[in-house]
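*Asks:* One structure, pasted below without further comment.
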Amino acid sequence: MTFSTRPVKIPYYGTNLLEMSLLNKGTGFTEQERHDLKLHGLVPSAFETIEEQEVRIAAQYALLKEDLERHIFLRNLQDTNETLFYHFVKKHLAEMLPIIYTPTVGEACQHFSNIYRASRGIFISYPNKDRIDEMLSNVTKQKVKVIVVTDGERILGLGDQGIGGMGISIGKLSLYTSCGGISPAYTLPIVLDVGTNNDQLLKDPLYMGWRHQRVTGSEYESFIDAFIKAVKRRWPNVLLQFEDFAQHNALPILKKYRKKLCCFNDDIQGTAAVTLGCLMAACRAVGDQLKDQRIVFLGAGSAGAGIAEKIISRMKVEGLSDEEARARVYMVDRYGLITDTMPNLLDFQQALAQKSEGHVWIKDQANISLLDTVKNVRPTILIGVSGQPGLFTEEIIKTMHAHCSRPIIMPLSNPTSRVEAQPVNIIEWTNGSALVATGSPFMPVEFNGRTYPIAQCNNSYIFPGIGLGVLASGAKEVTDEMLMAASEALSEMSPLGNKTGNNLLPVVEDIQKVSRAIALKVGLAAKTKSEKDLLKAIDDNFWMPVYRTFEPKVIP
Ligand SMILES: NC(=O)C1=CN([C@@H]2O[C@H](COP(=O)(O)OP(=O)(O)OC[C@H]3O[C@@H](n4cnc5c(N)ncnc54)[C@H](O)[C@@H]3O)[C@@H](O)[C@H]2O)C=CC1
Ligand SMILES: CC(=O)C(=O)O
Ligand SMILES: [Mg+2]
């Protein structure tokens, strides 16, 4: 990996410089820098390396008792000294990801206004809809390359969190940097404040968002449109990630803007890519193909439909017709199995509805439960993306296992409090036969003297690599081919798939390696550069949390 050690010329000095989290080094500034940048006296006289500073941070961190406190502490460090923050996080990645990301980030979103410390990102509220250009121009970062934007309506499985959604935009971008090497100087979290329907927030005197019911319909659509156009004007080549939009908006927004700027929806496409990568690896491990599986989903929303369509695409690559592939995928939602006679289906659900003709157990039945679906379909794969905890009951899991000796069971809902079943229970109910992957992190399960690792099938294995791949290739669009390449790259790195271990996914500590491999495949699928040039561009774009030497740009 190449890393530039050239001094950086900066036009900032004194207290202002210390207040810039991207440049601040605290006691890490050298004697020369303290002289040149007017810092003498503004920091304690000791000179410390980043490693020495980290010892202090680790000692302070060790005193904290609750995960939310740890999150606040780390966010504070991020707002004070980003290089030290990423240095610390990178060194303890497996321990810190659950603090800066799921599950703790969910709590941070729920309590966003109460734990608020310092500003980060931009808050674009509906009443300010005519000044979006001005708001974007207020951002001092010149080269924004990756934006994560949410409107806070469906934060993880926690529902409407209003401007608390900013927490997820910040968290995702922290992973772009810690897992995908995107410089924090190039990232920008955004929350679109279109009001909230969360009564608790509306009544909370500390809530800092617009106290108004959510704007909907054409008003909402024109607001989104104004936002997208303003982003294009300010940063025409940016990669925009849509995050945690509610079901009724997620797909329509993606469809409308997919070709208009370089963007993707993480919950639909990122989740589909990581799940498909896991399933391809799991099939390889047992010498099967995806086209031979029968799959049942609980939750036919953005994530469910995204994963289902990706699985269908892959089954078609493996030789099935569209009809044959769709016949193998069953979607159970709030009112039961989705069938072609069910009223009020959304377009994307209609495409995934099972035909009632030809299935005796479906014909003329309404509200077919998950249990009945499992009994009749005899699935080999069960995926939970309902956002509702506990719905994979013992009876359902045991029924599935009765017809499938090695079931693949993925309760993917986040955060931990929303998981469809506890991995330990699934392992027990299946007598250790199930292959389990969850959306939030879980400890390995000990059962009958064996250890069962629980893979974290979360889009965090995918989006940092997509971001790096897009930046390195200069792609103008995130195509289906690029997403499929991401799934393939991930599945090729699966220890279980490669028969080199029993982990379905590489361990979190290897996630930077995973992101680079995904970036390469994604970049190649973008067809803009040769492999050699791409590898160099990936290296060049990969930011490392080390202190650069600063020189004054203008002597004040
Ligand atoms: N592991 C990962 O990487 C990801 C996990 N997720 C998780 O998946 C969950 C769903 O996310 P989205 O699909 O975006 O939300 P969504 O709101 O679009 O879909 C959820 C679906 O579940 C259905 N549902 C609700 N209660 C149900 C019940 N009792 N039985 C059956 N279906 C029920 C809803 O009607 C809806 O169609 C969330 O908890 C989210 O955190 C989402 C994206 C990525
Ligand atoms: C992981 C993620 O994007 C979600 O749960 O919404
Ligand atoms: Mg999400």
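Positions of Cβ are set from backbone N, Cα and C atoms, glycine also.
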*Asks:* Going by the divalent metal cation site in TrEMBL, where GLU243, ASP244 are listed, which of the candidates ASP204, ASP267 is also part of it?
*Replies:* ASP267
*Asks:* Which single residue out of ASN198, ASN367, ASN458 does TrEMBL record at the (S)-malate site shared with ARG154, ASN414?
*Replies:* ASN458
*Asks:* Cβ within 8 angstroms of the Cβ centroid of GLU243, ASP244, ASP267: which residues besides those meet this for the divalent metal cation site?
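*Replies:* So the extra residues in range turn out to be THR150, ARG154, ILE155, ILE168, PHE242, PHE245, ALA250, ASN265, ASP266, SER302.
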*Asks:* Quick test of your reading of the structure: among the recorded positions ARG154, LYS172, ASP267, ASN414, ASN458, whose CB sits under 6 A from ligand 2?
*Replies:* ASP267, ASN414, ASN458
*Asks:* Going by C-alpha positions, which of the binding-site residues (ARG154, GLU243, ASP244) is nearest LYS172 (active site, proton acceptor)?
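*Replies:* Nearest listed residue in space: GLU243.
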*Asks:* Which recorded positions from the set LYS172, GLU243, ASN458 have a C-beta atom lying less than 6 Å away from ligand 1?
*Replies:* ASN458
*Asks:* Identify which of the following binding-site residues, namely GLU243, ASP244, ASN458, place a Cβ less than 6 Å away from any atom of ligand 3, and list them by sequence position.
*Replies:* GLU243, ASP244
